Amino acid sequence: MRKEKKNLVINLIKLILTFLIFWVIFKRVPFNSLFEVINGTRFFYFIPVFLLGVGFTILKIYKWHLLLSSVEDVNFSRSVDSYFIGMSLGIVTPGRIGEIGRISNINKKLEGLGIALWDKIFDLYIVLLLALPGVYYFRGFLVAILYTFFLIAIFFILIRPQYLDFLKKIPILKNYPQIIDGLKVIKLRTLIINLIITFMAYFLVIIEGYFLGMAFNMENFFAFLYGYPLVMLVNLIPITIAGLGIREGTAILILDKFSVPSNIAFNVSFLIFLINTALPAILGVFAMYLEEIKKSIYKTDLWAYLITFIGGFLRFYKIGVRSIWIDEAITAQVSVMGVKDIILNRASTGIHPPLYFILMHFWIKIFGDSEIAIRSLSAIFGILCIFMIYKLASKIFDKLTGLISAFIFAFSPFYVYFGQEARMYPMVTFLILLSLYYLLKGIDKGKNITLITISNILMLYTHIFSAFVVLSENLFVFITNFKNKKVLKKWIIAQFIILLFILPWLYVIIQNRTPEVYQGAQKVSLTNLGYTFLEINLGAGRAVFRNKILIASLFLLIFIIGFLPPWEKKREILLLFLYLFVPILLLLLLSLRKSFFSARYISMFIPGYVIFLGRGIRRFKHYSLIFLIVMGLLSIYALGLNYYYSNLANLNRPWRDAVRYIHENVGGEKVFIFAPYMWRPFEYYNRGKISYETLHISQLESKLKGLSSGERFWMIIANHEIEDPEGKVISLLENKFIPLKEVRYYRIIIKQYKVPEG
């Protein structure tokens with residue numbers, strides 16, 4: 001009890017010191033400046049930074065494994081676990097004494113204490129060695145020479161274990177000679193190898209700091225070669241919690257001598273701590289509580305609920321910031337009609353069935369038609385998709401694969417975007433996942449056919465491309481149950497019922513000859529397929545990454561690992577395979593004649609890809625390694641989401657701002673909108689407040705001829721990059737009329753003109 005109180009007092013003192021040091025730091029470095037520097041960050045450099053951090057950890061683990069092997073036979077997996085356990089205990093204990101906890105899973109614990117001491121001695125000596133250039137830079141040649149002799153003397157003591165006998169005279173060690181034996185058991189060859197490995201590990205930290213500096217636009221290798229080892233040396237002084245504050249403060253003071261700004265110095269040192277110390281400590285918690293974690297994964301759905309909650313937050317965060325774009329405006333304007341008019345309107349185009357719009361009709365009656373209101377329906381279906389992916393992937397593989405798959409879907413910038421758009425894609429995706437889940441759950445026994453039938457009818461009346469999923473399901477049922485006549489009979493009857501229900505809409509499609517995809521239509525080519533692959537993995541966040549091929553390759557590699565045999569559940573994997581590949585391949589074939597291929601249209605099939613990604617990560621058996629890969633994936637998604645949330649105004653045309661400007665500046669003048677269909681998002685915000693006319697390029701001259709001499713008018717130009725790529729409209733306006741005002745928004749131009757007098 002007395003010892004516990006003493007440790008508590010020490011930790012309280014360290015906590016107070018940590019807060020005091022941070023208070024002093026933030027007096028010098030404004031807290032906001034730490035985030036301001038991120039705005040210009042070159043995020044590509046975070047990839048080598050993370051890999052260098054992983055390399056540092058691997059070298060440290062291998063060094064520890066060599067030391068452990070000197071005491072007893074131990075496999076590498078146990079060395080990994082014991083290293084991470086030591087890191088997690090060391091980060092919160094006085095003097096990082098908890099790192100000794102890494103010997104908890106070996107038999108010869110007293111000898112283990114000796115090698116744990118060796119591990120720290122190697123760290124200290126190599127950091128002292130790497131600090132030599134800094135000593136020379138700051139203290140001059142003479143001090144550097146004396147310092148070098150000191151290092152040489154220490155080296156000779158290290159390679160002569162017999163000199164360690166004097167330690168037996170120390171009272172605390174006198175009664176535990178096994179600890180000294182643990183120090184002496186290290187062979188000279190092992191000692192030299194450990195020193196080399198330790199040198200390599202800490203030199204990687206210097207390079208890691210340099211790459212972080214480049215990420216923050218500060219390219220100064222000598223600052224990190226001379227300065228950062230001194231930061232690492234001071235970091236070994238255990239006077240605060242995990243060295244927090246001491247490390248950052250020292251980095252600010254020392255790197256300032258090399259003209260490194262204080263906010264960059266702080267961020268570099270703190271990020272190195274997160275990657276090299278905090279992350280292994282978190283992995284240590286996994287190693288310590290692995291059995292409890294496994295039980296919580298396989299016995300409860302708690303983790304799935306947590307992931308779903310976080311995914312829900314991401315879908316509602318800033319959901320109303322983006323302006324409505326043309327497709328969302330169509331959703332809002334069609335959905336306020338009566339149910340009969342909605343059906344007639346959708347039937348007149350044949351593009352999208354009416355179910356989503358009918359549901360939105362009643363949603364608007366309850367919640368209104370604001371951006372937040374109409375997008376919330378998609379957010380809710382997006383949240384339901386997270387949990388359904390967990391259930392489906394758990395059914396196909398296991399619960400851990402389900403959790404990883406749900407995690408990928410929850411944090412995917414691609415699906416966060418669609419969860420914040422007032423369109424039918426999250427709804428149809430949910431219905432598809434529901435249908436697949438019920439199909440796997442009981443089709444062999446002829447169960448759930450009614451639920452599958454209802455789900456399929458609903459999804460077909462939500463988006464017609466879900467017909468490809470119905471086809472995939474039929475292939476699956478006939479392949480897996482071709483001898484089960486009882487099941488096949490029930491299934492065929494169900495398909496006739498589905499066909500009867502969908503016949504009216506098939507007639508609509510045939511009558512209208514459903515047109516090509518307009519928004520996001522793509523010609524089928526390898527280049528466009530590559531762009532689509534990037535989009536489904538990173539969404540709008542793909543703009544952050546310079547080396548997009550590297551990022552795409554990482555996702556592709558994980559997918560291939562997940563797709564390769566052995567296949568434990570061949571039947572379940574067959575359904576997943578058919579669900580993912582049959583629709584996409586058919587769309588590609590159809591798009592050779594008529595463009596149906598678009599990332600948004602295949603979004604309803606991509607959960608199959610997500611589940612294969614989840615399996616690819618799950619196939620790394622070690623839980624700590626799985627966690628590390630998931631954290632790496634989270635880092636990529638975090639960069640993508642940060643870009644997405646920071647650039648919402650540039651993802652859609654800002655019609656909200658444009659209409660506000662028109663309302664504030666237009667008197668009785670005429671207003672013209674150039675570009676078909678652009679009246680829809682304009683009118684969503686205009687709400688009938690001012691009158692306007694829409695113009696096609698062919699109508700331009702005839703419509704403007706009716707203007708009186710000296711009359712002023714406004715022209716709103718949008719989508720001109722497609723409708724008028726040669727700029728004829730603006731050229732005509734500039735030549736025939738007097739320009740008075742001009743305001744430009746993202747892909748919207750507002751101009752005021754005056755008709756020449758006379």
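Each Cβ is built from the backbone N, Cα and C atoms, and glycine gets one as well.
As annotated by TrEMBL, transmembrane segment applies to 12-31 (among others).
The annotation transmembrane segment is assigned in TrEMBL to 138-159 (among others).
The transmembrane segment feature in TrEMBL is assigned to 191-212 (among others).
According to TrEMBL, the feature transmembrane segment maps to 224-244 (among others).
Taken from TrEMBL, the feature transmembrane segment applies to 264-290 (among others). Tertiary proximity for the transmembrane segment (264-290) is limited to same-chain residues at least six positions away from its ends with a CB under 8 Å from its CB atoms, namely 25, 29, 34, 37-38, 49-50, 53, 56-57, 80-91, 205, 208-209, 212-213, 216, 218, 231, 242-244, 247-248, 250-252, 254-256, 623-624, 627-628, 631.
Counting same-chain residues at least six beyond the ends of the transmembrane segment (302-321), those with a Cβ under 8 angstroms from any Cβ of the stretch are 296, 370-372, 375-376, 378-379, 382-383, 386-387, 390, 402-403, 406-407, 409-411, 416, 419-420, 641, 645, 648-649. Per TrEMBL, the feature transmembrane segment maps to 302-321 (among others).
Positions annotated as domain 'Glycosyltransferase RgtA/B/C/D-like' by TrEMBL: 352-507.
The feature transmembrane segment is assigned by TrEMBL to 400-418 (among others). Nonlocal intrachain contacts for the transmembrane segment (400-418), taken as residues 6+ away from its ends with a CB within less than 8 angstroms of a stretch CB, comprise 297-298, 303-304, 307-308, 310-311, 314-315, 378, 382, 385-387, 389-394, 425-426, 535-541, 599-600, 603, 606-607, 610-611, 613-615, 617-618, 626, 630, 633-634, 637-638, 640-641, 643-644, 651.
TrEMBL lists 449-471 (among others) with the feature transmembrane segment.
Here the transmembrane segment (491-510) has long-range neighbours at 346-347, 350, 353, 443, 449-450, 452-453, 456-457, 460-461, 464, 470, 474, 477, 481, meaning same-chain residues at least 6 beyond its ends whose C-beta is under 8 angstroms from one of its own. Annotation source TrEMBL lists transmembrane segment at 491-510 (among others).
Per TrEMBL, transmembrane segment is recorded for 573-592 (among others).
Taken from TrEMBL, the feature transmembrane segment applies to 599-617 (among others).
Non-local neighbours of the transmembrane segment (623-645) in the same chain are 43, 46, 50, 54, 80-81, 84, 279, 282-283, 286-287, 290, 293-294, 314, 317-318, 400, 404, 407-408, 411-413, 416-417, 538-545, 551, 554, 558, 617, 651; each lies 6+ residues outside the stretch with a CB under 8 Å from one of its CB atoms. The annotation transmembrane segment is assigned in TrEMBL to 623-645 (among others).
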Report, as numbers and ranges, every residue of the chain located at least six residues beyond the transmembrane segment (573-592) whose Cβ falls under 8 Å of a Cβ in that stretch; write 'none' if there are none. 396, 432, 436, 439-440, 465, 468-469, 471-473, 475-476, 479-480, 522-524, 567, 601-602, 605-606, 608-609, 611-612
Let me know the model's mean pLDDT on the domain 'Glycosyltransferase RgtA/B/C/D-like' (352-507). 94
In terms of Cβ proximity under 8 Å, which residues at least six beyond the ends of the transmembrane segment (191-212) contact it? 45, 48-49, 52-53, 55-56, 59-60, 62-63, 66-67, 118, 122-123, 125-127, 129-130, 158-159, 220-221, 224-225, 228-229, 232, 267-269, 271-272, 275-276
